[in-house]
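Per TrEMBL, Ca(2+) 1 binding site is recorded for D52, D54, S56, F58, E63. Residues or ranges marked as Ca(2+) 2 binding site in TrEMBL: D91, D93, D95, K97. What TrEMBL lists as domain 'EF-hand' is 39-74, 78-101.
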Amino acid sequence: MAMTDVLSAEDIKKAVGAFSAAESFNYKKFFEMVGLKKKSPEDVKKVFHILDKDRSGFIEEEELKFVLKGFTPDGRDLSDKETKALLAAGDKDGDGKIGAD
């Protein structure tokens, strides 16, 4: 499954482009721009599984660094600071990874 099976290619391009500058990533705005906030829980899980490259059932810090590339190959890598902020926002139980729920 490709990201464009769930999200609009145009929305992905706009959202990734909006955060192309280093240290500009804002996960709340990004997820809103890409259209995830309007998607069903099932669609959000589909996106999660696309981003879970090692198919562990979790998105770990190393996978988060490349989250924009998960949406489009020409996305940039997140900085360590951006990656840690995204992990902190999604890691509800403090285990260092984000689960599908």
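One is the number of the first residue shown, and numbering goes on along the chain from there.
Placement of Cβ uses the backbone N, Cα and C atoms for every residue, glycine included.
Within the same chain, residues at least six positions away from D54 (Ca(2+) 1 binding site) with a Cβ under 8 Å of its Cβ are E60, E63.
Report note: the Ca(2+) 2 site is defined by D91, D93, D95, K97, and the residues of the same chain whose CB lies within 8 Å of the CB centroid of those residues, excluding them, are F58, K92, G94, G96, I98, G99. Shown in sequence order, L51, K53, R55, G57, I59, E60, K97 are the same-chain residues outside D52, D54, S56, F58, E63 whose Cβ sits within 8 Å of the Cβ centre of the Ca(2+) 1 site.
Geometry remark: S56 (Ca(2+) 1 binding site) versus K97 (Ca(2+) 2 binding site), CA distance 10 Å. Taking the Cα of D52 (Ca(2+) 1 binding site) as the reference point, the closest of the binding-site residues D91, D93, D95, K97 is K97.
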